[in-house]
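Novice: The feature active site, proton acceptor is assigned by Swiss-Prot to D286. According to Swiss-Prot, the ATP binding site annotation covers L165, G166, K167, G168, M169, F170, S171, T172, V173, K188. Sequence annotations record features per position, and here Swiss-Prot assigns compositional bias 'Low complexity' to 87-98. Residues or ranges marked as phosphotyrosine by Swiss-Prot on the basis of experimental evidence: Y320. According to Swiss-Prot, the feature region 'Disordered' maps to 25-123.
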Amino acid sequence: MSDDRFAEDEIIQQRRKRRLEILKKYQQTGNGHSDLSIPEKKLKEDVDQVSTTKPIEAVPKMKTNASKIEINKEGSNSNTKLDVTNSTTSDSPSIKSSVQIEDTEDDMFADSPSPSVKRQNTGKGISTLTRSFADMQDNWDDIEGYYKVVLMEELDSRYIVQSNLGKGMFSTVVSALDRNRNQTFAIKIIRNNEVMYKEGLKEVSILERLQAADREGKQHIIHYERHFMHKNHLCMVFEMLSLNLRDILKKFGRNVGLSIKAVRLYAYQMFMALDLLKQCNVIHSDIKPDNMLVNEKRNILKICDLGSASDASENEITPYLVSRFYRAPEIILGFPYSCPIDTWSVGCSLYELYTGQILFPGRTNNQMLRYMMECKGKFSHKMLKRSQFLNDHFDADFNFIQIDHDPITNQETRKPVKFSKPTKDIRSRLKEVPTSTDEEFIIRQELMDLLEKCLELNPEKRVPPEVALKHPFFIKK
């Protein structure tokens, strides 16, 4: 059996090869770079066909009392910015770890574009990304189907492109000024091929379901405006939020984390979003700090990028769903999964926000399982027996098989490792984070308990979002 890392790389290469084959096919048939937009009526029909779930009634509001954390007071009506800085933050500069760099290399929500898409100054004050429209005729896409962004181009007869925000696996994201409303929006431009188009329609369908259930926009999912076609690309318009939690961590809590009150505020809003997702029967499937945006005052959080989201009934078993550091154990093991995978991702994200460190920085799925058992103890035999990928990581006696790669012999090494009790549990790790007041110490104890419940190895025992919202961690002291 090959190392997980090489297996994952091979899968990624195969996907890239398939994408190139699809693009070549469309170039040959003349569909790959068509300047003709799909009519809006046809687009709506396509979205309706993709939707597999009937509209649901609005989600009932969470009942809170005066003793709960004052989200509204610290929310959009506040005139002051949230102080997210950890009072124990060191002033000394630090270097980003290699695992953090690797995880954000090709992420559209990282703090800056990857080196391959960064703009360069020409010396004349004009970005090299600005191109002549005459040069772009019949050549609007690159070889992989990404739209070639043109600054000051008009989209859908109303949006003026202001800047290129970044590029991900499925799309390019730009900021654009809406002339009709004199307001800036983020526009997600899906890659030009049939597979990406259908995935984009699926995302539109899910976004519309979520908005139908949250008409007042209080459940902390990114606000979706509308969609349209441009040069054969599906485009989705979203509210503009310029910062994500990765940015916040780098700026205010690099390697030391944020203040526990900031973590508490963000955590409550995360679980509000999870509650909406669960009631709509939607799995986000890619929750991480990069995919949680905040406003300028840093007191409102919204979960974004539902490109990997799906209906809970479509949970196909695959070992590489969700970004690796935030990947729940049931995904790696091939155990039936549902909405609790998002709760696991939130737990990992909250630990990272408070400590400034990635909780499970495994470079392979096998390493991820080892780190999880060091933190939470061994998996139950009952859970392992129901896992499709059991033999990839455990022997016949349910002993974990640690897989490493010998750099000298270039061979895979395998050795059994027995786990019983946790050796690096959540509580012992968080105790290393200093507290400045008795109040902060008490709140930290409650955070420990909440994280333990979010990170249950068995998803059936993991805390549901509606229960998490009532946890003592959110009771105002």
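Each residue, glycine too, has its Cβ placed from N, Cα and C.
Tell me about the surroundings of these features in the structure.
Specialist: Every protein chain shown contributes to the tally, and the Cβ of D286 (active site, proton acceptor) ends up with 22 other Cβ atoms within 10 Å. Secondary structure at D286 (active site, proton acceptor), as computed by DSSP, is coil.
Residue environment of Y320 (phosphotyrosine) contains 15 other Cβ atoms, counted within 10 Å of its Cβ in all protein chains.
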Novice: Would you count the other C-beta atoms found within 10 angstroms of the C-beta of V173 (ATP binding site) for me?
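Specialist: Looking across every protein chain shown, the total is 20.
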Novice: List the Cα distance (Å, whole number) between K167 (ATP binding site) and D286 (active site, proton acceptor).
Specialist: 16
Novice: Distance check, please: Cα of Y320 (phosphotyrosine) against Cα of V173 (ATP binding site), rounded to an integer number of angstrom.
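Specialist: Cα-Cα distance, Y320 (phosphotyrosine) to V173 (ATP binding site): 24 Å.
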Novice: Reduced to three states, what secondary structure does DSSP give Y320 (phosphotyrosine)?
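Specialist: Y320 (phosphotyrosine) sits in coil per DSSP, no helix or strand.
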Novice: Would you work out the biggest C-alpha to C-alpha distance among L165, G166, K167, G168, M169, F170, S171, T172, V173, K188, the residues that bind ATP according to the record, and give it in angstrom as a whole number?
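Specialist: Output for ATP binders L165, G166, K167, G168, M169, F170, S171, T172, V173, K188: max Cα distance 14 Å.
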Novice: Between the Cα atoms of V173 (ATP binding site) and D286 (active site, proton acceptor), find the distance and write it as a whole number of Å.
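Specialist: Just about 17 Å between their Cα atoms.
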Novice: Please report the DSSP secondary structure of L165 (ATP binding site), reduced to three states.
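Specialist: For L165 (ATP binding site) - judged by DSSP and reduced to three states - the answer is strand.
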Novice: Looking only at M169, S171, which of these binding-site residues has the biggest number of Cβ atoms within 10 Å around its Cβ?
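Specialist: The residue with the densest Cβ neighbourhood is S171.
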